Amino acid sequence: MPEETQTQDQPMEEEEVETFAFQAEIAQLMSLIINTFYSNKEIFLRELISNSSDALDKIRYESLTDPSKLDSGKELHINLIPNKQDRTLTIVDTGIGMTKADLINNLGTIAKSGTKAFMEALQAGADISMIGQFGVGFYSAYLVAEKVTVITKHNDDEQYAWESSAGGSFTVRTDTGEPMGRGTKVIPHLKEDQTEYLEERRIKEIVKKHSQFIGYPITLFVEKERDKEVSDDEAEEKEDKEEEKEKEEKESEDKPEIEDVGSDEEEEEKKDGDKKKKKKIKEKYIDQEELNKTKPIWTRNPDDITNEEYGEFYKSLTNDWEDHLAVKHFSVEGQLEFRALLFVPRRAPFDLFENRKKKNNIKLYVRRVFIMDNCEELIPEYLNFIRGVVDSEDLPLNISREMLQQSKILKVIRKNLVKKCLELFTELAEDKENYKKFYEQFSKNIKLGIHEDSQNRKKLSELLRYYTSASGDEMVSLKDYCTRMKENQKHIYYITGETKDQVANSAFVERLRKHGLEVIYMIEPIDEYCVQQLKEFEGKTLVSVTKEGLELPEDEEEKKKQEEKKTKFENLCKIMKDILEKKVEKVVVSNRLVTSPCCIVTSTYGWTANMERIMKAQALRDNSTMGYMAAKKHLEINPDHSIIETLRQKAEADKNDKSVKDLVILLYETALLSSGFSLEDPQTHANRIYRMIKLGLGIDEDDPTADDTSAAVTEEMPPLEGDDDTSRMEEVD
């Protein structure tokens, strides 16, 4: 890529133009924008104004620590200049500007992470107005423009011009036009059918709708005509100079002629008699009007603000095309003063938990002056979906990021913001329909909060909602669960897994369901982390039904029966443990099974099968942790099941019976699968099952006409020992 820059003493006659190709994804995006019909093209202006606002934020932030940065232009503003003759709508800001490298990288050669994501969203039917959320808002100019010119001046570089008609390439050259001082001028050359965006009324309408809460003055420059009375001589002179004057006016748009209309009227009254000598002529002038005079919404009294105003502010703040779901507007006074306006969006952003993403979306102001928009210390990461503004009276204006990390004031603000967010969620929870929408989008954040925020864990746990064995298609809170607990029930029972159906049909919940004990279904991977920290709720312990030592409410008679069963099957447990050796830590009689013959449970402090699955899926997992945290497996057998009873009888008749060993291994492997674990050697297990199928179909292993492949399978299997006359179904290795 050519990167030749001209030295300042080089003659400027031969202007050097460099051509660059757009990065493939950006070229694709532009082609999509240009060749697809979108009805709401007006959002291009919102995006360009929003970019100007960001550029102004940057220079203002830099000037807090180095005031000389503003020597190239003290005023921070945005100007909109429509030109009907040239069909251009120029957006000028006095922001930070771009260096040549910025221009090449930001506008064409380096794709943002959102470029591809936005194209995918568009093709899936998303609204074009989402473009700003993906960081590629500039390209929306091509919704209305056939060509876009960008002229920019950064304090550290010369003035450059970028230009593209979107044909897969763009040009960059040193700009020899009118010096800018500092900032950026974006000039969309509008298509013939898009001239409505040059109309004063239309521009005002768009700015009011999308950008009225931008923190810098947006001024519209419009060329207008007015009548002026002059004497005949003056009129002739005026006509002679008309062309010259038009030229001058175009050049000096920021220096408008100010006409004292009042004095005209007085003159008219005084010189009524001289009217015959006067002549009316049309005079052109540039009218300037500030379009966003509204004072910051967060400084107003919440009682005076309508929901529509909050909605408009939210949209201008976030570039979201939908309304917010909930809002919290409050001020804190006393030793510390600040105001905050917080919004919950309707949807989680596409990159909510991406590491590269900025950690929050709260803009920090100090006494109405914008300081920064991703101050990590302002709100914890689990609340990174909250959008809004915080305006402090106490922080110094020239505060740096380093100082913010140490700031006690900020710690107090953060604590208050978290408290108010939780209040907002609790209020939202009273409206079931809206809370359902909120929970679908942000349940992971609540659970992450339980994992990370020990101080607010209790409050956050009240916001959790889960499906249970008794709740049907509705999610319920832990509080609801507690109100339905049986009289003699001491614990809250839960099971973790992949899907609702999987956990509902699990062997682990059989006895609990039979006894009418409600079980909570935790089916998101983050639930495993959440429940590690959430040990109890309202004094009741949370107990996993997949771990050892499950205590169920029992009367004395049931306890006595259970003890008898333990004694009766003690010998079988010992034989099974000897057969399985190190595969399991112990074999015990179960109190949780009803219809399944056996299941694998894990030790109290180890991982569950579900957690082991999650950890195995981590690309950067630590294998040493896997070693000691991986589930210590316990095999539990169901003493009331016919398979286990028959196995006990066979084992007692002959403990060296080979078929007992085969069946124990098959039972263990099947229990592993049904309990949510994966097999270390699935092929051997599959071969055992195929052998069983053949026996069930009456296929003779010794038959020479048997299929070659089955012979191959048989060769791999160790020969069965024991009496050939025993049932062939039992001879399974």
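Yeah, the Cβs are placed from backbone N, Cα and C, and that goes for glycine too.
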Q. Which stretch does Swiss-Prot mark as motif 'TPR repeat-binding', out of 64-73, 294-303, 724-733?
A. 724-733
Q) Which has the fewest other Cβ atoms within 10 Å: Lys459, Lys490, the modified residues listed? A) Lys490
**Q.** The one of Asp93, Phe138 whose CB sees the fewest other CB atoms within 10 Å, among these binding-site residues
**A.** Phe138
Q | Cβ-Cβ neighbours of Ser454 (phosphoserine) (radius 10 Å) | A | 9
Q: Quick one: of the recorded positions Asp93, Lys444, Lys459, Lys490, which has its CA closest to the CA of Ser477 (phosphoserine)?
A: Lys459
Q: For Ser454 (phosphoserine), just give me the three-state DSSP call.
A: coil
**Q.** Of the recorded positions listed as Asp93, Phe138, Ser642, the one whose CA lies nearest the CA of Cys599 (S-nitrosocysteine)
**A.** Ser642
Q. When you measure from the Cβ of Lys112 (ATP binding site), which residues in the chain that are at least 6 apart have a Cβ under 8 Å away?
A. Phe134, Gly135, Val136
Q. At the Cα level, what's the spacing in Å between Ser454 (phosphoserine) and Asp93 (ATP binding site), rounded?
A. 46
Q: Can you grab the distance from Ser642 (phosphoserine) over to Phe138 (ATP binding site)? Cα atoms, rounded to a whole Å.
A: 71
